[in-house]
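The annotation compositional bias 'Basic and acidic residues' is assigned in TrEMBL to 19-28, 200-213, 709-718. Summarising the annotation, TrEMBL assigns region 'Disordered' to 19-128, 172-213, 694-718. Annotation comment: TrEMBL describes 34-44, 68-83, 699-708 as compositional bias 'Polar residues'. TrEMBL lists 514-561 with the feature repeat 'WD'.
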Amino acid sequence: MSERMKRELEEKRARVAELRRAREERKAQLAQASSPGTVEPLTTSRKDVNDLVDSLLARPSTPIAVPRQSSYVSASSQATPSRRATRATPEESLPGTPGGRASRLSNEGSIGRASVTGAITPSQGVVDRDMMGSPFPAVAVDMVDMQQELYELPSKVVKPVTYSKAIQTSVTISTSTSDLESEDESGDESGTTRRRRRRADGESGRETEEEMRKRILQELEEERKALERELKELKEKGDEMKLNALSDEQRQAIFAAPDFSAFIEESTKIVQRALSDGYDYIRDYTIGIDGAFDESEGKKVELFCAFSDDRWTKGRSVTDLDWSPKFPELVAASYNKNPTAVNDPDGIVAVWNLHLLERPEFVFHSPSDVLSVTFSPYHPTLIFGGSYSGQVLLWDTRAKHLPVLKTPLSSNGHTYPIYGMKMVGTQNANNLISTSTDGLVCSWLTDMLAQPQETLPLTVPSHNKTDEVSITCLDFPDNETSTFWIGTEEGSIYQANRYDRASSKAGLNTDDVYRGHAAPITGIDFHPSSGSIDFSDLFLSSSVDWTVKLWRTKGSSTTSSTSNTTTSKNTKGDTSLGLGIGSLHSFEEADDYVFDVKWHPNHPAMFGVVDGNGKFDLWNLNQDVEVPMVSTKVSNEAINKLSFDKSPLLSKKVGLGSSNGKLYVYDMSEKLVQPRDNEWVELQKTIQRLVASRESRDSNSTLNNNHFDLTDATRRYR
């Protein structure tokens, strides 16, 4: 390595010596060229000089200049009409110059221009270009012989620039300042010398490590001093501005301000949502990849959360549930009166959020117990409620706690408790249908609750004491807005029409009564019409008689159940004696009152049941029609209502409303509720088997009844 560096240094020293030698030679040449010479005095007049210039520029009014040896112009030169202008060239160069050239007064392409040198021989002549047809005679001009020294820079020696490792090395050569200055004067210094000169002058160059360290330390020191100055200024300002403590009256005024209260309410909701999020942000995904057993995998139904609030729900019971169709995480629950809270509103509707577990998202007030509640499927911010006093209330999540609209307490609307309501129609044309226990069905426009758009009283003339029908629940089949079914306190289910039709009139269809329950009906729900096969003619009903029954509407029934009933001679056609349509199957697994039943929105053969024993059962008709698939003990108190969430993909959560005011949300496993492709075909086969079984039971019942009638007639004859 040292030998190579020495060799590179020797090469650079040789280049420097060569540059010095070239500089000495140029100085000698310049000294020789500047030595004094013999210059003849100018003896010509100014007129001769002007004539010479005119002749050289070939002006039209100037005579043609012809050089001559002695002071005459040869006749042969004047007689020639067209002559070629020749230019005299010097026989020898100027003394003392390395490349002595004759100076030219003009370019080579100019017309009639001649070169004048320091020494002109008599044999040389200069003739201007011929002037064809010129009217001016040729005039002889006396030429003056003169000598003049011309200075010309020496030719620059251009050396090819080569890049080698010796040139690109960063090793510096210790040279004197005089050498660098002399190299700056020369025009052909090498790239390495120019780079060293720029580095010496401070123009550019690579910064050394020590210089970089000093610069960084200096910058840090300047920043530290600037921060200290800013802190000092802030401290001085803080000393000048002293905070004054607020008095109790001022604090109370701030806390009571509506804007401050609204800000605290909204901001705390956001914080509590974030705190209630159960996601494990520090989860290590590299742990447990060996397929360890997860205890939660075997659980088909698991508690997700339980909503309750000591301020609003304590001492109340959940009377109805409904999930938001727009926001799957919101569920509305209606509550009755709290006897111990005299100053609180009689009824409330609490909207709970699955991401806010500590308190409800919204709380709406009602002057009476709220018995039914439903979200508007066409306006996600609107919530309707039916009260015990017979009022229909409308709340808006964008408004305050009180209802924005409500129906008047008059004979135009309901005056009895409203246990059933449902929204029907489309986005542009929809109505709210409500029913009360006095048998009145009203149709309302969502933006006008002053009076109902339609009223339909439902009556049964064959009743002994009153012809009114006490309605406890109602439901519409999917894509149906005119025909609906109602459950009554007497245990019967009726079909009703809102409008007159060709085959039936508006009101109850007393000819087709669905009989089978022996106690009031608590819930009725039609099958959702989603899937490859339409089962919208099937519906379920629950009752206080501890049973759940599966029905098929008469239009789809293949047989009538009138064969399993008896007819009296004196009361033919009296529906009060048992004439009607029977159920396809009765589920009698419950140990207490059955308060509600609902089909699953996605699985065709699955439905849920809740009872007064605090139990939640999931049935799957394709697996078993005698025993529920999953049975879960939710609470020691009765479960009044259930509702599956309305998630657009798959409903995996169910809300259960308890009589102690708690709202339980259970999470169902995806494997449990995800339907297979053949579920609809399997359900169709199951329904066919149930229909065949019912027909077999009806035929056996008919034979037994006929045998009993024959025996009774024989006994009477004897």
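Yeah, the Cβs are placed from backbone N, Cα and C, and that goes for glycine too.
Each residue of the repeat 'WD' (514-561) gets a DSSP state, and the totals for helix, strand and coil are 4 helix, 18 strand, 26 coil. Confidence over the repeat 'WD' (514-561), given as mean pLDDT on the 0 to 100 scale, stands at 84.
Per-class residue totals from DSSP over the compositional bias 'Basic and acidic residues' (19-28), listed helix then strand then coil: 10 helix, 0 strand, 0 coil.
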